[in-house]
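The structure appears right after this line, and notes come after that.
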């Protein structure tokens, strides 16, 4: 019997608990860390790796991916979609700059209510979406990396240069958070021969990974991105390959990790994209249907900022 693919994740978390290198980190929380890990997930059977040993809010994950694809960098549009995962960084900046002891809810309400306030305090700098869709080179010219990937997949699918990334050295200092999942590379194969349907796979290099909170969220949205691009270029879904650089478990997540390790995975759900928009920019959250998702209860844990 084939071992459930979620055990790759659980085994990695167990390895971190047993042999992870204890170290202090940028956030001051401290971590157990391992370097250079890999997980592989097959999407060709229609499933999607939404982990089941705790509840993953897949719609929030996909909404963030759709936001990346718009090229936007302000949290205001995310908040209007009830997505609050980026608020911590601009909120911390606001509190430090003003000395105001404002609550997260009050801050978010002001961002949504006032375009002027959102413009001043809600922008994250040139983070993921800006680099994906409007990378600026030395002469000031903008490049749409996503459009280039899709065009190359259609015209030169065997190229070894089909990738995009977000590590723009010249703009790192202006980002609220440096890119964690930074490089996405694509590979086309013909498993049934050159006369058969092409299959699209994607490899993601994540230089830094919060394995408890971040990985389940990122892997879900990366699988959805692969499915979207495969649909846009008329290819079948292949494999998602995930590579972790500094793969870590925060010291204030250890009890939560042990609880999750006590649970057995359930079957992965199915992902259906209900229509094919004219371009990658045409997708909305209503286009995605996840069926047969059964999970254990959610496990809460604090975010390290």
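Glycine too: its Cβ is placed from the backbone N, Cα and C atoms.
The Cβ of residue 180 (active site, nucleophile) has 206, 207, 208, 209, 210, 214, 218 as same-chain neighbours under 8 Å, each 6 or more residues away in sequence. Secondary structure at residue 180 (active site, nucleophile), taken from DSSP and collapsed to helix, strand or coil, is coil. Among the features that Swiss-Prot reports, active site, nucleophile is placed at 180, with the record citing sequence analysis.
When secondary structure is read from DSSP and collapsed to three states, residue 208 (dUMP binding site) falls in the strand class. Every protein chain shown contributes to the tally, and the Cβ of residue 208 (dUMP binding site) ends up with 20 other Cβ atoms within 10 Å. Annotation comment: Swiss-Prot describes 26, 160, 161, 207, 208, 209, 210, 218, 248, 249, 250 as dUMP binding site.
Taken from Swiss-Prot, the feature (6R)-5,10-methylene-5,6,7,8-tetrahydrofolate binding site applies to 210, 304. For the recorded site, residue 304 ((6R)-5,10-methylene-5,6,7,8-tetrahydrofolate binding site), the DSSP three-state label reads coil.
Between the alpha carbons (Cα) of residue 304 ((6R)-5,10-methylene-5,6,7,8-tetrahydrofolate binding site) and residue 250 (dUMP binding site) lies a span of roughly 8 Å.
Here dUMP is bound by 26, 160, 161, 207, 208, 209, 210, 218, 248, 249, 250 per the record. The longest Cα to Cα distance in that group is 36 Å. In the three-state DSSP reading, residue 250 (dUMP binding site) counts as strand.
Residue 26 (dUMP binding site) falls within neither a helix nor a strand when secondary structure is assigned with DSSP, and so counts as coil.
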